[in-house]
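As recorded in Swiss-Prot:
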- 41-71: domain '4Fe-4S ferredoxin-type 1' (DOMAIN)
- 51, 54, 57, 100: [4Fe-4S] cluster 1 binding site (BINDING)
- 61, 90, 93, 96: [4Fe-4S] cluster 2 binding site (BINDING)
- 81-110: domain '4Fe-4S ferredoxin-type 2' (DOMAIN)
């Protein structure tokens, strides 16, 4: 009898408390500024695509949802001919963003990607590219990478030191 009364008191107490759930379409839940959502491809400050098609993002992806096909431009740089992400498989882990050496891949707090057809969740490079630099405004990979381009040798680019002779470090 005592346990039944205790149960009834607990039920009545929870009946008049405020609900913890949020009615999603009407009230948007708070998402932190660092929330990992949809993936975008950014451009450097000059307006060029940052992706150099190194395939590190597709190797780092635990569910294998990123596919990159690369080509080589006239000046010797690599670029992504096609960059495909299957968001129906993506778990938004952020490993691709961490693996990207050029900061081309960035995760945004956009989470509303619901679709009726699964094929609509396969995004190509044209859908992923944004016009701005994203989080890293002044970063330009080819100004700090050490790759010889357009007649400049290694160590002659902006803010770059000349290469170290590895043989001089040997005992």
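Backbone N, Cα and C atoms are what each Cβ position is placed from, and that goes for glycine too.
Location within the structure of each feature annotated in Swiss-Prot.
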residue: 51; record: [4Fe-4S] cluster 1 binding site; contacts (Cβ under 8 Å, 6+ apart): 41, 68, 79, 80, 83, 102, 104, 105
residue: 54; record: [4Fe-4S] cluster 1 binding site; contacts (Cβ under 8 Å, 6+ apart): 78, 101, 102
residue: 57; record: [4Fe-4S] cluster 1 binding site; contacts (Cβ under 8 Å, 6+ apart): 66, 68, 96, 99, 100, 105
residue: 61; record: [4Fe-4S] cluster 2 binding site; contacts (Cβ under 8 Å, 6+ apart): 95, 96
residue: 90; record: [4Fe-4S] cluster 2 binding site; contacts (Cβ under 8 Å, 6+ apart): 39, 63, 65
residue: 93; record: [4Fe-4S] cluster 2 binding site; contacts (Cβ under 8 Å, 6+ apart): 36, 62
Tally of residues which DSSP labels helix, strand or coil - the domain '4Fe-4S ferredoxin-type 2' (81-110): 5 helix, 9 strand, 16 coil
Cβ neighbours of residue 100 ([4Fe-4S] cluster 1 binding site) where a neighbour is any other Cβ within 10 Å: 21
Integer average pLDDT (0 to 100) for the domain '4Fe-4S ferredoxin-type 2' (81-110): 92
Residues within 8 Å of the 51, 54, 57, 100 Cβ centre (excluding the [4Fe-4S] cluster 1 site residues themselves): 52, 53, 55, 56, 68, 80, 96, 99, 101, 102, 104, 105
8 Å Cβ shell about 61, 90, 93, 96 centroid, [4Fe-4S] cluster 2 site members excluded: 39, 57, 60, 62, 63, 65, 66, 91, 92, 94, 95
